[in-house]
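Colleague: According to TrEMBL, the record shows the following:
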DOMAIN    1-224  domain 'tRNA methyltransferase TRMD/TRM10-type'
BINDING   GLY112, ILE132, GLY133, ASP134, PHE135, VAL136, LEU137  S-adenosyl-L-methionine binding site
Amino acid sequence: MRIDIITVLPELLRSPFEHSILKRAQDKGLVEVHLHDLREYGFGKHKQVDDYQFGGGAGMVMMAEPIFACVEELQAERKYDEIIYMTPDGQTFNQRHANSLSLVENIIILAGHYKGVDQRVRDHLITLELSIGDFVLSGGELAAAVVSDAVIRLLPGVLNDETSALTDSFQDNLLAPPVYTRPAKFRGWEVPEVLRSGDFKKIEDWRHDQAVQRTKDRRPDLLDDKK
Ligand code: ADE
C-alpha cells in the first residue's frame with residue numbers, strides 16, 4: 001500500500017511514522033508513506049497556498065490550484081483509490097473505514113488548515129471526507145496520522161500474533177476484555193481465577209462474556225450497529 005499525505009506542515013507528520021509499528025511496516029516494505037509539502041505548489045516568492053475568503057470573514061482558505069497541482073502530479077504516476085480530506089465535518093472515522101481502506105492500493109490524504117479548503121476541491125477532487133471526532137484540531141495533520149496508523153496496522157504482515165488486530169476493541173463491534181499481567185496478586189487485588197486456570201475454552205468464553213458486558217455498559221450503540 002502507498003499513502004501520500006499532502007500538508008503545509010510535513011514536519012509535524014514525520015515523527016509518527018518513524019517509530020514502532022509504523023516504522024517497521026515501512027522497513028518491511030508493507031507500506032510506503034510519502035509526505036508532500038503543499039507549499040512547493042504555492043504561488044510567488046512566498047509560496048502562497050491560502051487566501052482571504054470571498055464574502056469576507058475571518059480566517060484564510062486553502063486555494064484550489066496548489067492542491068489540484070499536487071494531486072494531479074501524483075495521479076500522473078499512479079491511480080488512487082481514495083482522495084481523503086480530513087475535516088471535522090466529514091464522516092466520523094471508525095474501524096469499518098480502517099478495514100476497507102486497508103484493502104486498497106493507493107490513497108491520498110489531504111490535511112486541511114486555516115478555515116479549510118476551497119469548496120471546489122471538496123466538490124471535484126476529494127472522494128472521501130473523514131473526521132476523527134466531534135472536536136476541532138488546529139489542522140488535519142494529527143487526524144491524518146490517526147487514520148494512517150489505524151489503516152497500516154491492519155495490513156497483512158504488519159502485526160505479529162502477539163499484537164494481532166483480531167482481538168482489538170471494535171474489530172467485531174465489541175470492546176476488548178480486561179487484561180492482566182504478573183503479579184497474580186497486587187495490593188490484595190487478584191487476577192480472576194479463570195485466567196490462571198489453563199482451561200483455554202473457559203478463558204475464551206470468559207473473555208467473550210467480559211467483552212459483551214463491557215460493550216453493553218460502555219458502548220451499547222455498538223451492539224445495534226452490526227456490520
Ligand atoms: N481537522 C480539524 N479537526 C479535525 C477533526 N476533528 N477530524 C479531522 N480533521 C480535522
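Count begins at 1; order follows the chain as displayed.
Placement of Cβ uses the backbone N, Cα and C atoms for every residue, glycine included.
Unlike curated records, TrEMBL annotations are generated automatically.
In the displayed structure, how are the listed features positioned relative to their neighbours?
Modeller: Annotation for ILE132 (S-adenosyl-L-methionine binding site): spatial neighbours MET86, THR92, PHE93, ALA143, VAL146, VAL147, criterion Cβ-Cβ under 8 Å with sequence separation of six or more. Under the DSSP three-state reduction, ILE132 (S-adenosyl-L-methionine binding site) is assigned to coil, being neither helix nor strand.
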Colleague: So which binding-site residues out of ILE132, GLY133, ASP134, VAL136, LEU137 are up against ligand 1, CB under 6 A?
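Modeller: With ligand 1 as the reference and 6 Å as the Cβ limit, the list reads ILE132, GLY133, VAL136, LEU137.
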Colleague: Over the domain 'tRNA methyltransferase TRMD/TRM10-type' (1-224), what is the model's mean pLDDT?
Modeller: 95
Colleague: How many neighbouring Cβ atoms, not counting its own, are there within 10 Å of the Cβ of LEU137 (S-adenosyl-L-methionine binding site)?
Modeller: 18
Colleague: Among residues GLY112, ILE132, GLY133, ASP134, PHE135, VAL136, LEU137 annotated as binding S-adenosyl-L-methionine, what is the maximum Cα-Cα distance? Answer in Å.
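Modeller: Max Cα-Cα spread across the S-adenosyl-L-methionine binders: 16 Å.
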